[in-house]
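Note sheet for the following structure.
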């Protein structure tokens, strides 16, 4: 359990552990090790007749592993789409009845259901929905009758804009602080960073957000709240509008990423070859540059990708706090009025981003692992 | 275990948790006013008659905070206990049985974890009626995926040990192996995990309540109280920050204890220290 006292997004923690510690490898590791096994069987058994896939695996195992991981992600996304659609179908509660409330006569309910296309069988609607979603059409919102894709098109850009700036600030900061903590391990600097990051992990996003609003927007008046952005805004105006939401996101992700970076580097530093290098009498800098750093790159990249995945989800709460017109706000509003097409579309897009970033993390881990690079 | 060996940070954490628990258990006796009783002006400042001021409807903030401790802790604890029972049972069954059952459970778990927890909860809560037991159940099921993953990893380590093999050869059933052989030997690392899940549950519940999808008014709950009072922030009224701080402090306290437990279990195992 290398993750330390991290409470937020345990998936990231565990997968981070899996990336750096083969014993616990469940998430990132399964694919790699599974690929490995099939690799072994392919090379040992199929001496005579090789299937085209077997040949391909033998020739370029790395590409084969990456292809496997890609295929897994596509399958996963497909399964998730079934879960999001099917889950909504299977669960009790009917929109038409809720929508009409007291005046839900059977006739009115039937009319609404027909209007929304709910009278068709679920499988038909699923394939219609999936086909539309693949072409970028998510149907119309039940509540406002507007096109969902149009709304998402505007809001997704806003959300990504926010997440992008949070990422380019937090990533270098987290890696720098993590390395600082390793450098001064078990000394005062490390302990201070440890306690502060532990506290920061425990803070809910909305608390951090309102704290920043109270200080910077209300009392000092240097920042704007609410963080509204519109199309005609210039880049500088836009940036000043998202200053506080970005700061909130950075604070929330930073602590987590820093702790995971520290754990990943420490893991490498405590390995046998670093000890050997120390005993050989190499200088500290040389050990870090030549022995530790190349091996720490993979887990650190993994940590970054996983935290970016968290960032995409973290925007939901932050957008609600700052009344920022992004995907998260859209989804939460839709959930409160039970506007299912919007909820499904947002859910699928968020899940797709999450799956994509997790996949990138795994693929980078595969690429960075020299043991998988050469055919045996 | 000697009391003196417990570090200061852990003591702070234990004290914080104890205070929150006392508030939760003895809420009706400790709170100066009723849970949803309107006692004064809207957003009265701190100090004076009301120690922490009043909220957006003129209810005493301190009283609501104390009652809120009850709701928040109860729901978070119930969800954690449930998710732990579910996750551990399934993971132990998977680890002991192996084969197809293990594959089936694990792949399904991977699928559940491929969707971010908050997004999953939003989708599910959009459909289900807003009731307390449903909220607890949704939180528990979503969280049990994390417990399952760790539980399986820990149980797999134990399941291959000689004493489990001996029990199998003795002819003990799966139930015995799970509860009498594996459970006692995995309890200590899972205890730290329990704390971690509990802290996560508090944050998760508060987030859901803050988004208006968790505990419904008029019941007091810390996340919901932030939501109620958030409009005051623009006027410089800090009423929303008080319950927010309560959430933060309780989570920090739980984390401090967990941190100590983790260090303790890893040093017991002769592990890599604080890595």
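Placement of Cβ uses the backbone N, Cα and C atoms for every residue, glycine included.
Predicted automatically and left uncurated, TrEMBL annotations should be read as such.
Because the structure is a prediction, the values reported are computed rather than measured.
Among the features that TrEMBL reports, compositional bias 'Polar residues' is placed at A:33-47.
Annotation source TrEMBL lists domain 'ABC transmembrane type-1' at A:156-361.
Look at TrEMBL and you will find A:25-47 tagged as region 'Disordered'.
For A:62-85 (among others), the entry in TrEMBL reads transmembrane segment.
For A:160-180 (among others), the entry in TrEMBL reads transmembrane segment. The list of residues near the transmembrane segment (A:160-180) in space but at least 6 beyond its ends in sequence, with Cβ under 8 angstroms from a Cβ of it, reads 189, 193, 238-239, 242, 245-246, 249-250, 253-254, 257-262, 264-265, 300, 304, 307-308, 311-312, 315, 318-319, 324, 326.
According to TrEMBL, the transmembrane segment annotation covers A:192-218 (among others). Listed as Cβ neighbours of the transmembrane segment (A:192-218) (distance under 8 Å, sequence separation of 6 or more from its ends, same chain) are residues 4-8, 177, 180-181, 224-225, 244-245, 247-249, 251-252, 254-256, 258-259, 314, 317-318, 320-322.
Per TrEMBL, the feature transmembrane segment maps to A:238-257 (among others).
Residues 8-9, 11-12, 15-16, 19-20, 28, 159, 162-163, 166-167, 170-171, 174-175, 178, 204-206, 209-210, 213, 225-227, 244-245, 248-249, 252-253, 256-257, 260-261, 264-265, 267-268, 328-329, 331-332, 350, 353-354, 357-358, 360-362, 364-365, 368-369 of the same chain sit 6 or more residues outside the transmembrane segment (A:296-322) yet have a Cβ under 8 Å from a Cβ within it. Under the heading transmembrane segment, TrEMBL lists A:296-322 (among others).
As annotated by TrEMBL, transmembrane segment applies to A:342-368 (among others).
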